[in-house]
Amino acid sequence: MDHEADAYRTDLMTITRYVLNEQSRNPEARGDLTILLSHIVLGCKFVASAVNKAGLAKLIGLAGETNVQGEEQKKLDVLSNEVFVKALVSSGRTCVLVSEEDEEATFVDPALRGKYCVCFDPLDGSSNIDCGVSIGTIFGIYMIKDKENVTLEDVLQPGKNMVAAGYCMYGSSCTLVLSTGNGVNGFTLDPSLGEFILTHPDIKIPKKGKIYSVNEGNAKNWDEPTAKFVEKCKFPKDGSSPKSLRYIGSMVADVHRTLLYGGVFLYPADKKSPNGKLRVLYEVFPMSFLMEQAGGQSFTGKERALDLVPTKIHERSPIFLGSFEDVEEIKGLYAAQAK
């Protein structure tokens, strides 16, 4: 790429232009999803600004409340949740919201209701705020059949029903990765323009990667297939080079690297967390949707992740996602154990 020429490019594909182009492909589209996504983008810009100024503005530190997951809430968590709830409700396109920070689902006032449900984690990896490690927002969007009579059952859909999913990573740059079911694209926030610009068009994950990403501190509690897979990563029997371990501890950052470079991200079940640790609706499903759209796979240890039907809004699940061949290898190990 000619960076000098790139610096003077004037024909920039903004995220708004991209979403409008996608909308124009569907003759039946009325623009509701476009409006909803524009409100999510605004929320991401707001949170990106707050994250950048957190230390200076004294937003770092505990807020003195505990969320539904039993984690002490940090000021930025609380702020980010408020920002996204207000942005989503004010769009007039949502009827129910599920946030990682709120114990109950939020049902939108009938006068402001639209046809979408949004499940989101407003600030994933927030324990990393104090040390400047990348953190992010994750979201998944579903269509609701009857917005006038929406119930909790409407929220508990399998991930394959999602119409769009994405995440925004607040790191060395602010990157928003989005799929509306037609591939995956990455946009980077240009602070001078205040716009997300298309920088990673049509992301495709490599078929096989050289990296595995897992918290090896939990190794003593793993099941046999997970332990075998990690052992093969470190000590391959076929004479090939071992895989490199990369683990940040922020799901958005770890999945982002996996998506771009290939490999596999795993957060398996173990004796301490027999149902896994990551939440289905706003962590497992959106990331699995993106991974499949980019040509990868996602697996729970029992089934394709997007086929899972949750029974409660904060349900957890084990997850293995990444390059197609790497996840295929993990599926083979679980199939062998089941025989």
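For all residues, glycine too, the Cβ spot is worked out from N, Cα and C.
Straight from Swiss-Prot, the features:
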BINDING   VAL19, LEU20, ASN21, GLU22, GLN23, ARG30, GLY31, ASP32, LEU33, THR34, LYS115, TYR116  AMP binding site
BINDING   GLU71, GLU100  Mg(2+) 1 binding site
BINDING   GLU100, ASP121, LEU123  Mg(2+) 2 binding site
BINDING   ASP121, ASP124, GLU283  Mg(2+) 3 binding site
BINDING   124-127, 215-218, 246-251, TYR267, 277-279  substrate binding site
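Note: the CA-CA distance between VAL19 (AMP binding site) and ASP121 (Mg(2+) 2 binding site) rounds to 22 Å. ASN21 (AMP binding site) sits 32 Å from SER250 (substrate binding site), taking the Cα positions as reference. Within 10 Å of the C-beta atom of ASP121 (Mg(2+) 2 binding site) sit 29 other C-beta atoms, taking all shown protein chains into account.
When the Cα atoms are compared, LYS115 (AMP binding site) and SER250 (substrate binding site) turn out to be 31 Å apart. Cβ atoms within 8 Å of the centroid of the Cβ atoms of ASP121, ASP124, GLU283 (the Mg(2+) 3 site) belong to the same-chain residues GLU100, PHE120, GLY125, GLY136, THR137, ILE138, MET251, VAL252, LEU278, ARG279, TYR282, site residues excluded.
Distance from the CA of LEU123 (Mg(2+) 2 binding site) to the CA of GLU100 (Mg(2+) 1 binding site) is 9 Å. Recorded residues LYS277 (substrate binding site) and GLY31 (AMP binding site) have their alpha carbons 36 Å apart, per Cα-Cα distance. Same-chain residues with CB within 8 A of the center of the GLU100, ASP121, LEU123 CB atoms, the Mg(2+) 2 site residues themselves not counted, are ASP77, SER80, ASN81, SER99, GLU101, PHE120, PRO122, ASP124, SER126, THR137, ILE138, TYR282.
Counting every protein chain shown, 24 other Cβ atoms lie within 10 Å of the Cβ of GLU100 (Mg(2+) 1 binding site). Using Cα positions, the member of the binding-site residues ASP121, LEU123, ASP124 nearest to SER250 (substrate binding site) is identified as ASP124. Secondary structure at GLU283 (Mg(2+) 3 binding site), as computed by DSSP, is helix.
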